[in-house]
Structures are given as structure tokens and as C-alpha cells.
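Q: Structure below; questions to follow.
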Amino acid sequence: MAMVRRLAVTLLRHGLTEENKQKKYIGYCDPPLCKEGRIELNKLHRNEGYPEPGAILASDRMRCIETAEILFPESKLQISPAFREMHFGEWERKTYGDLCGIQRYRDWIDDPIGVCPPGGESYQDFENRVRGAWHREIWPSAEENGHVIVVTHGGPIRYLLSEFAPERREMWAWPVSHGKGYTLYWNETKGRLKKRCTLLQEAPFTAKPNGCSSTILPQG
């Protein structure tokens, strides 16, 4: 009988910041968690079923490091700039209301893959960076530790779900709340691995009335 090993990657979004509350674009800029965000993460840490990590990776932005330290205080962090959000350039810390009169911004809203924020990162560069982080850092850690948690941002999480979740969805269709995310599972047989995961589960795990956790999108 072939030996099957289950590997898991959990993708968690950082906690809330003041800029998030104000609906500002925050990519490479580095605000800390707000008081409300810290309180909510501490509640989640006490009450929710976050999966036990074999390793913790985090974006080098303060909001991700602080989130990881609150949720996994006993774990050693491995920090990488490759897990950052998209760089919004001149639009950093701006709102839709600040930008909606700018034609290039409206073009970007209509075509975020083809249009680049001024002074920012193109979608192709963002995709290449996050995909590279997956192959160089995330997946090797999962193979070594069995389960790796990555504390990152909404953009990278949505991109990775569009690539590896069992069900194909557009990147923008994935909901990702602050302090929460998804765990992706693979069954590895003889070193061979399907690209898309075999099971996707909400993280932290939430119990349903029947005692089962919230599992979505199973696939053989």
C-alpha cells in the first residue's frame, strides 16, 4: 500500500489597523494593529481553534508580526518581505474617495491586472513574488514540518487560494477576514503532489451545532 502523508498550509490575514477601519489602501506601508484589532485577536486566541503550527512564517510588516505574536506567542517567527501585500505606490494610505477622480485609478479598478499603480507594483510582479515565496519558502517548510502557518495579507491569501484551492475561483471572489483565513490540505503519495489541495477548511476552526468543524470544498 502506498504511503500517504498529509501536508497542510494555513494562510491567516493580519488583524485590524486604523487604516483598515478607514478603508485605506495599505500595501508596503507599515501601520501597527489598532487597539480594536489587538482586542479582537486576543479574543480569537482565547476562544477559537487555531491549528497547531509546525512552523510560523510572517510578512515583515508590523501588522503581521504583531498578529503572529498574539496568536502564537510560544512559536518562533520566520519573517520574509516576500509575503507582503501588493505595493500600491502613490495610492498608499489613500481611500476610494481620495482617488476616484483620477483616471488611472479608475482604469486600475476596471483592469487591475493590466494597469499598475503609479510608483507601485504591477500585478505580474506581485504574482511572481508571491508564487516565488510559495515555492522557495512556504512549501519547503510544509514538507519539512508537516504544517506551516503563514501570517500575511489579503492579497497574497486570495492569490494563493485562486491557485491552490480545490474549487477554481477568481482571486477577488475569496472573502478573507482579519485574523482569519484558511487551511489547505494535500495528500502526498510517494513524493507526488497534486497542484490543488484536496481539502480546504476555514481557520480558525469553527464548531457547527453538530460538533463538526467548518469544512468547505472537499475534493478527492
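Cβ atoms are placed via backbone N, Cα and C, with glycine included.
Among the features that TrEMBL reports, active site, tele-phosphohistidine intermediate is placed at H14. If you look up TrEMBL, you'll see E90 marked as active site, proton donor/acceptor. Positions annotated as substrate binding site by TrEMBL: 13-20, R63, 90-96.
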Q: Would you pick out, from the binding-site residues T17, T95, the residue whose Cβ has the largest number of other Cβ atoms within 10 Å?
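A: For the binding-site residues T17, T95, the Cβ with the most other Cβ atoms within 10 Å is T17.
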Q: Neighbour count, 10 Å Cβ-Cβ cut-off, for R13 (substrate binding site): what number do you get?
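A: Here the count is 24.
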Q: Looking at Cβ-Cβ distances, which residues of the chain lie under 8 angstroms from E19 (substrate binding site) while being 6 or more apart from it?
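A: In sequence order, I26, C29, P31, R93 meet the Cβ cut-off.
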Q: Rounded to a whole number, how many Å is the Cα of E90 (active site, proton donor/acceptor) away from the Cα of T17 (substrate binding site)?
A: 19
Q: In three-state terms from DSSP, label R93 (substrate binding site) for me.
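A: Its secondary structure by DSSP: coil.
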Q: Looking at the recorded positions H14, R93, which sits with the largest number of other Cβ atoms within 10 Å of its Cβ?
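A: Answer returned by the neighbour count: H14.
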Q: What same-chain residues, at least 6 away in sequence, bring their CB to under 8 Å of the CB of R63 (substrate binding site)?
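A: Spatial neighbours, sequence-distant, of R63 (substrate binding site): H14, G15, T17, D30, P31, P32, L33, G37.
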Q: Could you list the residues of the same chain, at least six apart in sequence, whose Cβ is under 8 A from the Cβ of W91 (substrate binding site)?
A: Y25, L99, Y105, P117, P118, G120
Q: According to DSSP, which of helix, strand or coil covers E19 (substrate binding site)?
A: helix
